[in-house]
């Protein structure tokens with residue numbers, strides 16, 4: 001077996017590397033080239049090239065495409081740029097805006113991985129005769145240890161917990177996992193940068209991207225209102241007890257758990273508890289109204305060895321769950337019953353927003369297996385807050 005778990009020599013193994021123009025994917029290309037693989041670099045142009053030319057660190061546009069090209073020249077490998085602007089707009093940007101209109105807080109990186117990167121680019125890699133598509137994500141994949149699944153691979157958290165990207169990859173399908181490779185899963189970020197300098201790559205000291213790649217300076221409201229003007233329609237700010245406290249200029253400016261910038265002064269600390277998109281109401285309440293031990297999921301992607309129904313019916317499936325990208329996995333139980341698919345959290349959370357993800361794991365540590373996860377459809381609050389919210393949502397809205 002070679003280092004990518006193929007039963008042939010590296011020079012007989014073609015690998016397409018998804019190159020964003022950042023240090024991680026560049027080092028992946030360099031490592032595979034050093035190991036003797038037949039490497040091709042592909043960069044996807046995902047949004048307005050002209051608008052992004054002078055924006056560094058934006059990923060997959062402008063300067064980043066040029067950086068990827070220069071890295072490939074240094075490494076002596078072919079580099080191709082594919083125009084996926086239309087596809088990216090249809091599958092990532094438009095759903096991002098629609099999600100905000102629906103009162104959710106979306107994660108566009110998951111949608112991008114689900115569609116453009118791990119579906120479209122993966123198909124292109126296969127058309128080019130590649131044995132695998134490699135990326136710079138910090139996650140590990142290995143052959144599935146179960147004898148009942150020969151030839152299959154499984155996902156595991158990376159060695160560098162601070163760079164763990166498994167939360168954003170919960171929706172990766174089994175077919176995609178079998179084809180993908182993640183060479184940086186066992187490395188700390190500091191080692192990745194050291195390797196980039198050792199290879200003489202122009203991106204060795206390039207800063208990591210921080211914002212959503214297609215949102216300049218984090219001003220997502222500008223993009224949303226351009227695509228969905230009704231997202232900026234005014235509405236009421238209402239307390240859980242029914243009091244109208246003020247007005248707002250669009251639910252897109254709010255997210256569950258928000259305290260600052262609500263635009264009202266009441267003398268009591270209030271948080272955004274719910275976004276009633278249908279009636280354009282921002283519902284606020286005390287911090288305890290955000291607390292939950294149960295989240296309901298939609299679009300569940302299950303990566304366990306038995307079926308989801310087999311695992312989660314009855315007493316449920318004991319696992320660890322992560323409802324925020326920055327949190328460590330915490331004890332939980334996955335259930336399926338007549339009410340839907342849901343996760344009971346042993347340790348309660350607060351401010352969980354619909355549209356975010358819940359990733360599932362075998363254990364809390366850095367070698368935990370990833371069991372998939374789902375998008376959060378709703379959370380069930382503590383009984384008193386849940387009753388107040390249901391009563392408020394059922395009440396008529398003033399014209």
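Note that the numbers count up from 1, one per residue, in the order the chain is shown.
Yeah, the Cβs are placed from backbone N, Cα and C, and that goes for glycine too.
Swiss-Prot annotates 18, 19, 20, 21, 22, 23, 24, 25, 136 as ATP-binding residues; of 44, 155, 169, the candidate listed for that same site is 44. Of the listed recorded positions 20, 356, the Cβ environment within 10 Å is emptiest of other Cβ atoms at 356. Counting in whole angstrom, residue 44 (ATP binding site) lies 25 from residue 356 (site 'Interaction with tRNA') by their C-alpha atoms. Site extent for ATP: among the recorded binding residues 18, 19, 20, 21, 22, 23, 24, 25, 44, 136, the largest C-alpha separation is 16 Å. Counting in whole angstrom, residue 356 (site 'Interaction with tRNA') lies 24 from residue 20 (ATP binding site) by their C-alpha atoms. The two recorded residues, residue 213 (active site, cysteine persulfide intermediate) and residue 112 (active site, nucleophile), have Cα atoms 11 Å apart.
Listed in sequence order, 46, 88, 91, 92 are the same-chain residues at least 6 apart in sequence whose CB falls under 8 Å from the CB of residue 112 (active site, nucleophile). According to DSSP, residue 112 (active site, nucleophile) sits within a helical segment.
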